[in-house]
Amino acid sequence: RIPDKWLDAHPGGNLSLLHFVGRDATDEIEAYHFDNTLSLISRYAVGRVQNSLEQPWVPLVPPIMAGWVRRKDADGKPYWHREAVEQRSTSNTATAPSSQILLLSTDASPLQEKGLAGPTEATLTPPPATLSLQAQARLSQAYRDLHQRVTEAGLYETPYLTGYGPEVARYTLLAVLSAYAYSHQWFMTSAVFLGLLWHQLVFTAHDLGHMGVTHNWTLDRLISIGIADFIGGLSIGWWVQNHNVHHIVTNHPSHDPDIEHIPFFAISTSFFSSLWSSYYKRTMVFDRFAKFLISLQHKLFYIVMAFARFNLYANSYVYLFQKASDTKRARGGTWAWRLEVLGIAFFWSWYGRVLYGTGSWQTALAYLLISHIVPSPLHVQIVLSHFSMSTADLGPTESFPHRQMRTTSDVICPESIGWIHGGLQLQVTHHLFPRLPRHNLKKASVLVKQFAEENQLTYAEFGFVAGNKDVLGVLRNVAEQVKIVGMVAQSEVVEAVEKSTPELKNKQG
């Protein structure tokens, strides 16, 4: 049992836990936590359940995945609140399997039950699964054996000298070149080098957010705040919360914030239903404006991605604003939040001074745009590993390794330029072992490919150019569906008008 106080203080956010209520989360817990943390779990045990390869645990649908959450009234007493209505698949296709549950706004379904005090047994019972529970249990056991081999190979040991040594030198060089160019009033050159510095620093901030550098939460968080907030102007606290949920429910339309980009992008026609986001706690309205943009999304893709960093600012500052009045802060308490706010203020102080020092608003605007557009290939790289992969919900029966390999792909590149991708082009291995130092992902990927072959799993990988083509193909296909839906709707309106016109004339006659 997880006490409310501990749930609210979970460093990875409470959503990471709520998505596994009623499910076997052994693999996820071991993948995301170190041994000293795992040793604390026994304190919260209230009993044991039957869970073996022959008789695996029969999972339930977590309440949050059915639209139910716990809240507290004015007196502090908890109660169930229905924030969304579940929409269970009525078909069994590759894109909409029988196991799929999506969420809609409570205002969107006239058939919702009234007066429910909480989730019912029917709500918590999963729809028919397309996967074998026993087969997934065997796959889960094979993954644990793989995890053991990765650990014994010493791949959780951070290569400080050979891994981060060259990176620190690279960061320093880029910073010096940017400052040198600026001092000689080569402002556009300075902006390019600053953008490259931001691009490269993100990879280390990513490692720190996963506790993959010193493996100490406090030290990793302090360093990451220095990089993300003070140098980059982004909240590492927001990123960790967002990224953990992405890893847990990868590519689920109602739950993964990393694919919830309405009104700009939709990688599945599921978003046409104006889905509810359990992360953002709002309806992703598929209105006329969204339809217009998404009908052109394959043409606007690189333009939107060029300005993606501004969206990161918005998400970061909304998160910090919300945490200002949130008494349920995770580990680090007040000091981490205050340090982040200080870091953001410091960033805009030095960066604002840089822009002001260019001498004119035209030059300042050009500097702003160039320094922000230069890191945009990073945003493209990130979406390549997921946008072209499955967004189907295979239900709580699906095991952790099966879900990660089904929804994630690698970007193939020569080892000599792997540093440009930060080593995170190996996303399949990273999603299976998120705490693994990224400098060791190459070695671990060899073991993962063996694991995939032994268990008849697809290890998806493609080149950077081919990956871009796949993503654009997905965006184009969805855009074409928007147009088709619009044509059908228009045709139905015309047909309705034509039918009503004779009736109207008869009445007037």
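Just so you know, glycine gets a Cβ as well, placed from its N, Cα and C.
As the structure is a computational prediction, the values presented were derived from the model and not from experiment.
According to TrEMBL, the feature domain 'Cytochrome b5 heme-binding' maps to 5-50. Feature annotation from TrEMBL assigns transmembrane segment to 186-209, 221-241, 261-279, 300-320, 335-352.
Model confidence over the domain 'Cytochrome b5 heme-binding' (5-50) stands at 83, taken as the mean pLDDT rounded to a whole number.
Remote same-chain partners of the transmembrane segment (261-279), defined as residues 6 or more beyond its termini with a Cβ less than 8 Å from a stretch Cβ, comprise 15, 64-65, 67, 83-85, 87, 95-96, 102-105, 108, 242, 245, 253-255, 285-287, 289-290, 293-294, 297, 300-301, 304, 387-388, 391, 474-475, 478, 481-482, 485. Residue counts for the domain 'Cytochrome b5 heme-binding' (5-50) under DSSP, helix first, then strand, then coil, are 23 helix, 0 strand, 23 coil.
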